[in-house]
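*Asks:* One structure coming up, written as C-alpha cells, with questions to follow.
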Amino acid sequence: MYSSNSEIKKKVTFILAAAGQGKRMNLNSPKQFLDYRGEPLFYSSLKLAFENKNINDIIIITNKENLNFMVKYCQNKNLFSKVKYIVEGGSERQYSIYNAIKKIKDTDIVIIQDAARPFLKDKYIEESLKILNDDCDGAIIGVKCKDTIKIIDENGIVLETPNRDNLIMVHTPQTFKFEILKKAHQMAEEKNILATDDASLVEMISGKIKIIYGDYDNIKITVQEDLKFLK
C-alpha cells in the first residue's frame, strides 16, 4: 500500500510481462527464462516487486506452455501471498497486458514491467508513485538518446533527422492510474489499435504522462549481443 503526501493509501498492482516469445534471440526457450545468477531472468524483477512494501498484488503473464512451470515456481518460492494471478499471454504484448488488466478488480495504480528487463530498481517504483497525482496519469522510465536518429522510408532513404534533445528511449517500469490504463486498453480493443507500449495507448486518450530519467543499464534482453550484460 502506497501513502502519498496526503496520507491517502493507494493500492498498487504490479504486472510482470513474461509472455514474450524471444524470436529475435534464436534460443530454445523464451529469453525471460534464461539463467541469471542461478534463477530464471524474470525472477530478478519478480523478487524486487515481492519485497517492495508499496506493492500489494502481483500478476504474472506467461506463455501457455509455461503456465504450469510458473505456478510451481511461485509455489516453491512462497510467492502466492502477493502473486494473485498467473495469466496466459496473448498473441501480442498489448493483448497480454489487457488479459492481466481484466483480472484486476480493485486497485488504484498499476505498474507494468518487462520480465526481460532484469535491472529494475526500487527507486524507479518510488519515484513513479510519487509523481502520480491529479495532474499526472502516468510515469514512465526513460533515457535520453545518445545517438543521432534518422527517419527513413521503406527503401532506406533518409527522410528526416529529428532533434535528439527531444527524443527519449523508453523503458519499463511504466506506472499508471488504473482507471486511465483500463480505459486506454478498452479504447484500443474497440478501435483495433495496436501499440508498442502502454504509454502510447494512454496518450491516445489524452492522458498526461511524465518521464522519469532512468539509467542506461536498464536494458531489455532482446538480441544475442545483450547476453553479455547477464555475465
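Heads up, the Cβ atoms here are built off N, Cα and C, so glycines get one too.
So Swiss-Prot has the following annotated:
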SITE      Arg24  site 'Transition state stabilizer'
SITE      Lys31  site 'Transition state stabilizer'
SITE      Arg164  site 'Positions MEP for the nucleophilic attack'
SITE      Lys220  site 'Positions MEP for the nucleophilic attack'
*Asks:* Within 10 Å of its Cβ, which one of these recorded sites (Lys31, Arg164, Lys220) has the largest number of other Cβ atoms?
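*Replies:* Answer returned by the neighbour count: Lys31.
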*Asks:* Helix, strand or coil at Arg164 (site 'Positions MEP for the nucleophilic attack'), per DSSP?
*Replies:* helix
*Asks:* Provide, as an integer number of angstrom, the distance between the C-alpha atoms of Lys31 (site 'Transition state stabilizer') and Lys220 (site 'Positions MEP for the nucleophilic attack').
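*Replies:* About 10 Å separate the Cα atoms of these two residues.
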